[in-house]
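These features come from TrEMBL:
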- 65, 66, 82, 83, 84, 85: GTP binding site (BINDING)
- 1-146: domain 'C-CAP/cofactor C-like' (DOMAIN)
């Protein structure tokens, strides 16, 4: 028998509370009427609602469905979810990983950054919640109730550090979770999202399903970002033969047989020389692995558009 009290934080003031890995285990959770609290859910859950919270710092591990903030103000959050929604909120600052387009409604002073967080159990929790670390539309916000001449949301500074917003837990119990907010350790690749690109040259790289797809994609991200290129966006999605023709064009036939194994992981890198650098890195580091890489600077921006237009349609964006 499930005791709802185990899955609720209600009416707390000036407290640090949380749930350790394994304690929520995919149940739904409710947070309400909390003030000046630090709240950490170090586990995956079904859905989470957060109502009437003021001046709280909140970490929410992977949420299989939706997270819904209502009537909250002055809160700072780190959140990973399938769907993100706010209503009647003001001044929320959120480091977000969201698989679908985040929605704000009747909300003002909202600021968003890319989720960055690590603890040892987090990767498995993403799997348990059915979330891909590569599907993150954190900066593609839809404002249901725009006001002409005003902007209800913006992006956090690129230099924003998670622990300056949501500090590491101070209570003895929660310190047992080995958290790192170091961007290089983040379980979610840090992407530029909708921020201005530095260069008019982007490159598309696509890995096909296999035992090492995630590791290979992360390795390429590390190699490229260490050389100063920026990761703009990532996506994990299933493709069919007709999609391959649209995206890979003349090289489609080479890749179609690989699509049956499962979803592809696509990465967009930006920076002068991105195409050449990506090609040489893939040839050196992944010589035995089939990877699609844009052929030239001229075709690359079309590759990126073709892939992400297809992917957005797939994801129902």
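Each residue, glycine too, has its Cβ placed from N, Cα and C.
Helix, strand and coil counts under DSSP for the domain 'C-CAP/cofactor C-like' (1-146) come to 11 helix, 73 strand, 62 coil. The maximal spread of the GTP binding site, taken as the longest Cα to Cα distance among 65, 66, 82, 83, 84, 85, is 11 Å. Averaged across the domain 'C-CAP/cofactor C-like' (1-146), the predicted model reaches a pLDDT of 97. Just so you know, the Cβ of residue 66 (GTP binding site) picks up 17 other Cβ atoms within 10 Å once every protein chain is counted. The 10 Å shell around the Cβ of residue 85 (GTP binding site) contains 20 further Cβ atoms across the protein chains shown. Residues near residue 84 (GTP binding site) in space but far in sequence (CB under 8 A, at least 6 apart, same chain), listed by position: 66, 67, 94, 96, 98, 100, 102, 103.
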